[in-house]
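A short write-up of the structure that comes next.
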Amino acid sequence: MFRTAFSKSRGAAWALGATAGSAVTGWIWTSQQETPAFCSNDNSSVLGMLQQVSQRLEHLEHLVGGKSIASQRSSTKDSPRIDIVLGAQWGDEGKGKLVDMLSSGGYDVCARVAGGSNAGHTIVVEGKKYKFHLLPSGVLNPNAVCVIGNGVVVHIPSFLNELDSLTAAGVDWKGRVLLSDRAHLVFDLHQEVDGMSDAGLGRHKLGTTKKGIGPAYASKINRTGLRVGDLQDDSWDNFERRFRNLVESHKQAFPSLEVDIDEQLAYYKAVAPRVQEMMVDTIQYTNQQYDQGKRILVEGANATMLDIDFGTYPFVTSSNPSVGSVLTGLGVSPRKLGGIYGTVKAYCTRVGEGPFPTELPVEKNSPGFHLGHVGAEYGTTTGRPRRVGWLDIPQMKYSATLNGFTSLNLTKVDVLTGLETVKLGVSYKYKGKYLDSMPANLKVLEDVEVEFEELPGWKEDISSCRTFEELPMNCQTYILRVQELIGVPIRWIGVGPNRADVIDRGVGWDLSESPSQS
């Protein structure tokens, strides 16, 4: 677990990385003054702490055969590695923008590993908006190969339409999009069933995107699904037989379901050659690229609080959009992972149903109205207005624990501009007692009392700021307080909607990199 301490002097902060055994694996230090910060637990000085770190590193170097751990870490920037951008809240945090920025800076492969067309990322390049649902937004980098991993469920019509839209926009993607032969297919019948299932729940509906994701994953788990690889020419008879069986099983469960089987089969037979051009064994490809020294970037879909295991179940998606999906949805070893970048809005939003502890009302001229209006909070996939609220620190600490973030990407800080005060939800209380973790029981989560911390707002336009020091003092204070409370260094700060409207504080604010590189 990360430990943080902040000096009372403005801008002085340090974050100490997680420990492996007894050895500290990373630390961060920044200061605008020379005032020393002190450990909040034992009041030992930073110098003393670093001396302890040095001693422990020397001990570990001896154990691993004398090779300096620091020298190993200092080479990570140029070494093969798999970095990951994940959503840390309920989705729509702005992951795609960071992926787009990172992919243009030296990544050879960009990948999606889970979910389907229920995900949505919007990128603004030179005033032009690009909306992505299945493709990694890294496709805008002409030098990056984009991989759709085995953990993704693919609706072929939507996938091909997305590619056609890129062609119409002048983006040359051909030869750079690879589709896993193990990825499962989403059929139109899955989308129909998705809507029927949710409507049947009445007032207890889950608020799905009706993109067929849940039913497709259900077919996968029931072992009745079909995969991209089944569209190969020599598998067509098998594809047709299994598709008919899939339709029949769904019609038994949903008698009103209507499927034109012959029309569907004709469509897939017609598009099969186009799909085959992109079909590869992405497990083999990705690991070969890693072995060849290539750098790989994974673009997470959805977000941690929508994880089927760790989210606010049942108001979740049907996959695991947390860090574990990288291993199972791409087919790589955990030893190959590098930076794990959590993307978090400077406030909080969610689409659909489910508990939302820090949610705000959206009456005109209220903070909630400001966040929704200024932030343009409408779902990329559904177009539905997003619910809005203050940043939820207990939720973010939970997300950081699950994913092991090495740094954070704090987005849409500019949206807070103009508010007289800004608030942070800093703790949960239930029946008069503080909660130590995110409750699994939704009734408890719905009934928690959130304690807020209020900070002064700022009026200055921050969209042209490109360094942390250029930000208004109140804005700096807010960011440092968020960093302190979550316990993970904030490396990137979003100050506007455009591609370049980001402050990058550098690798010194990323625990996966050596501080000596900053």
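Glycine residues also receive a Cβ, built from the backbone N, Cα and C atoms like all the rest.
Not measured: the values here are computed from a predicted model.
What TrEMBL records for this protein:
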type: BINDING; residues: 91-97, 120-122, Arg386, 412-414, 494-496; note: GTP binding site
type: ACT_SITE; residues: Asp92; note: active site, proton acceptor
type: BINDING; residues: Asp92, Gly120; note: Mg(2+) binding site
type: BINDING; residues: Asp92, Glu93, Gly94, Lys95, Asn118, Ala119, Gly120, His121, Thr209, Arg223, Asn302, Thr317, Arg384; note: IMP binding site
type: ACT_SITE; residues: His121; note: active site, proton donor
type: ACT_SITE; residues: Lys220; note: active site
type: BINDING; residues: Thr380, Thr381, Thr382, Gly383, Arg384, Pro385, Arg386; note: substrate binding site
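The binding-site residues under consideration are Gly91, Gly94, Gly383, Pro385. Their Cβ neighbour counts within 10 Å are lowest for Gly383. Arg384 (IMP binding site) sits 12 Å from Asp92 (active site, proton acceptor), counting Cα to Cα. A 10 Å radius around the C-alpha of Gly91 (GTP binding site) takes in these binding-site residues out of Asn118, Asn302, Gly383, Pro385, in sequence order: Asn302. Checked against Val413 (GTP binding site) by C-alpha proximity, the recorded positions Lys220, Asn302, Arg386 yield Arg386 as the nearest.
A 10 Å radius around the C-alpha of Asp92 (active site, proton acceptor) takes in none of the binding-site residues listed as Asn118, Gly383, Pro385, Val495. Asn118 (IMP binding site) is 15 Å away from Arg386 (substrate binding site) when you measure Cα to Cα. Taking all protein chains in view, 18 other C-beta atoms sit within 10 angstroms of the C-beta of Lys220 (active site).
Note on Thr122 (GTP binding site): other Cβ atoms within 10 Å of its Cβ, all shown chains, come to 16. Of all the binding-site residues in the list Gly94, Lys97, Thr122, Asn302, the shortest Cα-Cα distance to Lys220 (active site) is found for Asn302.
Taking the binding-site residues Asn118, Asn302 in turn and counting surrounding C-beta atoms within 10 angstroms, the largest count is reached at Asn302. Taking CA atoms as the reference points, Thr122 (GTP binding site) and Pro385 (substrate binding site) are 15 Å apart.
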